[in-house]
Amino acid sequence: KVYGRCELAAAMKRLGLDNYRGYSLGNWVCAAKFESNFNTHATNRNTDGSTDYGILQINSRWWCNDGRTPGSRNLCNIPCSALLSSDITASVNCAKKIVSDGNGMNAWVAWRNRCKGTDVHAWIRGCRL
């Protein structure tokens, strides 16, 4: 599923991401835009053999199990396929674990490069939330 900007913002808010660990909703919407272009089915293979999955491009080396990543830790205790669902609950729950891990949203390269230090409120402007 490809989410609309405000549709995604509303879903993320409902699932408790607004100001989770101090990151406003705009940060999460911005991250999703530049990680997956709001597409829940996005997958990208990394040079180390791991794969990033879903709307927030969660990595199989650490966070989920895809059965093909050597030494996978599966810290979110989920199959990576769960991160490709049109229902973003699994992605959000795992993202909460990731952002609590010490590096905050710096764990997402696209957030660090495209969202950090910008006017992220623009990503939810005009949305009925």
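Yeah, the Cβs are placed from backbone N, Cα and C, and that goes for glycine too.
As annotated by Swiss-Prot, domain 'C-type lysozyme' applies to 1-129. Annotated disulfide bond per Swiss-Prot: Cys6-Cys127, Cys30-Cys115, Cys64-Cys80, Cys76-Cys94, in sequence order. Among the features that Swiss-Prot reports, active site is placed at Glu35, Asp52.
Features as recorded by Swiss-Prot, highlighted on the structure.
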residue	record	Cβ within 10 Å
Cys6	disulfide bond	16
Cys30	disulfide bond	26
Glu35	active site	23
Asp52	active site	23
Cys64	disulfide bond	29
Cys76	disulfide bond	22
Cys80	disulfide bond	27
Cys94	disulfide bond	24
Cys115	disulfide bond	24
Cys127	disulfide bond	17
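Secondary structure at Asp52 (active site), taken from DSSP and collapsed to helix, strand or coil, is strand.
Counting only the Cα atoms, the space from Cys94 (disulfide bond) to Cys64 (disulfide bond) is about 9 angstrom. When the C-alpha distances from Cys115 (disulfide bond) to the recorded positions Cys6, Glu35, Cys64 are tabulated, the minimum falls on Glu35. Mean model confidence for the domain 'C-type lysozyme' (1-129) is a pLDDT of 99. Of all the recorded positions given, namely Cys6, Cys30, Glu35, Cys127, none has its Cα within 10 Å of the Cα of Cys80 (disulfide bond). DSSP assigns Cys64 (disulfide bond) to coil in the three-state reduction, placing it in neither a helix nor a strand.
The Cα atom of Cys30 (disulfide bond) lies nearest to that of Cys127, taking the recorded positions Asp52, Cys76, Cys127 as the candidates. Reduced to three states, the DSSP call for Cys6 (disulfide bond) is helix.
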